[in-house]
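Feature annotations, courtesy of TrEMBL:
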SIGNAL    1-26  signal peptide
TRANSMEM  127-146  transmembrane segment
TRANSMEM  158-180  transmembrane segment
TRANSMEM  200-226  transmembrane segment
Amino acid sequence: MKTNRRCRALLAVSLNLMALLFSTTAFITTHWCEGTQRVPKPSCGKEKKTNCLNYGGNETANETNQNVVHYSWETGDDRFLFRYFHTGIWYSCEENINAAGEKCRSFIDLAPASEKGVLWLSVVSEVLYIMLLVVGFSLMCLELFHSSSVIDGLKLNAFAAVFTVLSGLLGMVAHMMYTQVFQVTVSLGPEDWRPHSWDYGWSFCLAWGSFTCCMAASVTTLNSYTKTVIEFRHKRKIFEQGFREEQNFLDQEAIKYFRERTEEERAEPGDLRLQCLHSCSPN
């Protein structure tokens, strides 16, 4: 029983630790959603000679460069670039078409005014989700390494299960609220940011993976609690049943003993009379 209980506690701690690592990584990274944005190509200049628009100038100098587009109203999509972007809870970063690297801006500033409150609720829920995961992980570690008795371990187990379930519910709500805010921002956000195409990134997968591990840890903890209680009650029932049987056996032995004792006491006066008659009778 003790070995199985320890194995279940170790599994719950491992799942909770994975959920904590996944949620923290997802919270601080910027790959919840990623895709491309369609933006106009910049004008060609001395420092920009590729992927640009030539509004006149020296055409012969650029006629051999296939990345230079000669400006015309008939060029259509040739006047646009598709730059890569990725967005997290805090920042949205996009490829810099004028230089190497990326430029980032606050996603909270990009969100429409009507969605800022929902976004802040999502942020607060994510923080509470991580904090409750830490509390649940601490209680599970205490139950695994420092519980001196079964009763203390069961109390810690129960509290850890409650905190883990609450954290999972908060995490689910936070992820759904952020998804809603992002979808509204795609439609109503700034013109220079709106994605041409997008999909969910690896940070989003980590966030839901964290939720899955969290719920698995809570189920494992509850299973460990209920199984330990059931085993404890079963052993107590067996003990009480054995105690009753032993008590009945002792009672029967006591009744038998007192019955035999009573019969001996009843027989003793007759024996004394017989002894007296034999001793007092003449030869």
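Each residue, glycine too, has its Cβ placed from N, Cα and C.
Automatic prediction, not curation, is the source of TrEMBL annotations.
These numbers come from a predicted model, not from an experiment.
Proximity of distant same-chain residues to the signal peptide (1-26), defined by a Cβ-Cβ separation under 8 Å and at least 6 residues beyond the stretch ends, is recorded for 32, 126, 129-130, 133-134, 136-137, 140-141, 143-144, 153, 157, 160, 164, 171, 203-204, 206-207, 209-214, 216-217, 220-221, 223-224, 227-228, 231. Through the fold, the transmembrane segment (200-226) approaches residues 5, 8-9, 11-13, 15-16, 18-23, 25-27, 29-34, 86, 88, 133, 136, 140, 154, 157-158, 160-161, 164-165, 167-168, 171-172, 175 of its own chain, all at least 6 residues removed from its boundaries and within a Cβ separation under 8 Å.
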